[in-house]
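Structure record follows, encoded as structure tokens.
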Amino acid sequence: MFAYGAAAALLISFAGLAVFWRTTRLEGGTAGRVILEPGRLTRTLFIEGRIIGLALYVLLVGAAVFGDSDTVENIAPVFVYVVFWVGMTLVCALIGNLWWVVNPFDTLAALVEGLRGGPRPPAPYRWGRWPAVAALAGFVWLELVPSNRAQPRTLAVAVIAYTVVVLVATARWGRAWLRQGEGFTVFFGVLAHMAPVYADDEGRIRARPPLSGLVGLRPDAATQAVVIIALGSTSFDGLSRSRFWIDLTRNLGSTETALLATAGLVWAISVVTLAFVGAMRITGRLHKRRHPELTAAFVHSLVPIAFAYALAHYFSLLVFEGQSAIALASDPLGRGWDLFGTAGDAVNFTLVSTTTIAYVQASGILAGHVAGVVVAHDRALALFPHREATRSQYPLLAAMVLFTVGGLALLLGA
């Protein structure tokens, strides 16, 4: 019932936009206002961020390699899947691209570059953002599929192997490759287009209206794949927690479960792809436009939805498992230390009520879809006359209603 109410609210929002939002307000873009000029302060903050990022990376690798093999006693699993993956997602979308400030891969690449005597001319590069797509797909598979995904030694192998690949790539194609080929840099950069704070090309820190940066999102096929993988993988995460999935995999071995989960992950991503591309195909046929141009034009409307799904599905994980990170910070290797006096802190499961969690999840999904409708409507006004613009959005609106109902159904079934 709640899901249908959210769908109705989405339809009402669309109707309101059709009546009151009659000219494009986002397409011109906005540079925002400067809040911090480049100088000693920004350089100091950047250097401190890089030091912190590298220190946390060393802590992660050290804990994963040398720490306790128990997933509960080692900080590596909660650091990767909660602090890094969930926490960085929220910060980059709601505040700004913190990942680029702390990015340990760029710091390591700079160190390697220095040891080699400085930068060398990069080799020709023709792969675009597709390596980042592969990296993101590999990470979400690791997060959602293998039964040993939280084992510290598994994470150690994954982190070290990925670091080697990244450093080899930057040695061949230069550090600028990170913004094209490194999965987390690309993903968090996409989310940061939503954020109200960003750095311009001259290094000035600027403030802008939330969502306004989405109009500048690079709309190539690889970027579309990044957004769709993010949305589809989070949908599968909800499905994998449902009673249906638990009953389905109850009597399966680990190998069979992993194979089925892999198929389920591919299926969830495929459903999102078919819904979005199908909506664009219908719009293209009705309005005599090529659907690849439309998918490129409207993929930015899926970014708030992908973020909303992440917020809804991982909010409780961040609230509760995030507390364990505070305790584990005092004993990251599981050696019985108490560096900060927090090792004995227990998780407070009454910190946030189940009712509050449900409201955050439901309102987050609804708000994300409304934001998606807003940016899609504004883009349609730039591409079509007003009346045609409203009609052109019917197929995409139907897809968003499907995402809303499906997302809430998965949450309620989890």
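Positions of Cβ are set from backbone N, Cα and C atoms, glycine also.
In TrEMBL this protein carries:
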TRANSMEM  6-24  transmembrane segment
TRANSMEM  45-66  transmembrane segment
TRANSMEM  78-102  transmembrane segment
TRANSMEM  123-142  transmembrane segment
TRANSMEM  154-171  transmembrane segment
TRANSMEM  258-282  transmembrane segment
TRANSMEM  294-315  transmembrane segment
TRANSMEM  357-376  transmembrane segment
TRANSMEM  396-413  transmembrane segment
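Spatially, the transmembrane segment (154-171) is adjacent to the transmembrane segment (45-66); three or more Cβ-Cβ distances between them are under 8 Å for residues at least 6 apart in sequence.
Taking pairs at least six residues apart, the transmembrane segment (78-102) and the transmembrane segment (45-66) share three or more Cβ pairs below 8 Å and count as touching. The largest share of C-beta pairs under 8 angstroms with the transmembrane segment (123-142) comes from 258-282, of the ranges 45-66, 258-282, 357-376. Contact between the transmembrane segment (294-315) and the transmembrane segment (6-24) does not hold: fewer than three of their C-beta pairs are under 8 Å, each pair 6 or more apart in sequence.
Beyond the transmembrane segment (357-376), the same-chain residues lying 6 or more positions past its ends with a Cβ under 8 Å from any Cβ of the stretch are 2, 6, 9-10, 13-14, 17, 21, 26, 211, 214-215, 298, 300-309, 311-313, 315-316, 319, 393, 396-397, 400, 403-404, 407-408, 411.
Within its own chain, the transmembrane segment (396-413) has Cβ neighbours under 8 Å at 2-4, 6-7, 10-11, 14, 231, 235, 238-239, 241-244, 272, 275-276, 278-280, 283, 298, 301, 305, 308-309, 312-313, 361-362, 365-366, 369, 372-373, 376, counting only residues six or more beyond its boundaries.
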